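As given in Swiss-Prot:
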type	residues	note
MOD_RES	14	phosphothreonine
MOD_RES	48	phosphoserine
DOMAIN	75-174	domain 'Mis18'
BINDING	80, 83, 137, 140	Zn(2+) binding site
MOD_RES	221	phosphothreonine
MOD_RES	225	phosphoserine
């Protein structure tokens, strides 16, 4: 009997929150948990640690200050067309190559995307000469895309990214609450300058969050440098 190829969960960088692979360790201290809830509440209410609320101002901001990549009109969830398992979201969308490659490219995917271990080599089409892994829906098992390992210069930028077939997904739009086929959705590619600005803002948000957690940790942890009597 032929051995079945092993499959393993897709690998990706640690996300800030949600069910994306990696995840962060939960803080066991109650004060840390409370601060986390307060920060999440700020985001939901339209403020952020970068805005007046994060600087300790008494008056809230006049208008919503959600980061540009979290604006409702730009947020969408990509689901398996067959079982509706969540595969990815617009926050981690890199490129829309539906017309040229028939795929939407993501920098991260959820744990519902399973990467098949054996490498395949393309012998025809756009993946000719490329080495890649197939991606499957972990819920219903249908193939949903591929993950490039090595390829020619034209697709070199896609290495390490997750290419999900647009005809195997549906898209849930958060602003309108509508569900449309991913292949029919007009995804606007964000200019590079805007992506860089978003990345800088994410770095600052993460830095402020780490500073807050370090302050809490220093308050609840006894000073280990003092010698014991």
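Placed from the backbone N, Cα and C atoms, the Cβ positions cover glycine too.
Keep in mind it's a predicted model, so treat the numbers as computed, not measured.
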Inset, instruction - Please list, for the domain 'Mis18' (75-174), how many residues fall into helix, strand and coil according to DSSP. - result: 15 helix, 51 strand, 34 coil
Legend entry - Same-chain residues at least 6 apart in sequence whose Cβ lies under 8 Å from residue 80 (Zn(2+) binding site): 87, 112, 137, 139, 140, 142, 144, 168, 169, 170
Inset, instruction - Determine which residues of the same chain, besides 80, 83, 137, 140, have their CB within 8 A of the center of the CB atoms at the recorded Zn(2+) site, and list them by sequence. - result: 81, 82, 84, 85, 112, 138, 139, 141, 142, 144
Inset, instruction - For residue 83 (Zn(2+) binding site), write down the residues of its own chain that are at least 6 apart in sequence and whose Cβ falls under 8 Å from its Cβ; none is a fine answer. - result: 137, 139, 140
Legend entry - Site with most surrounding Cβ atoms, counting all protein chains shown within 10 Å, from the binding-site residues 137, 140: 137
Legend entry - Same chain, 6+ residues apart, C-beta under 8 Å of the C-beta of residue 221 (phosphothreonine), given in sequence order: none
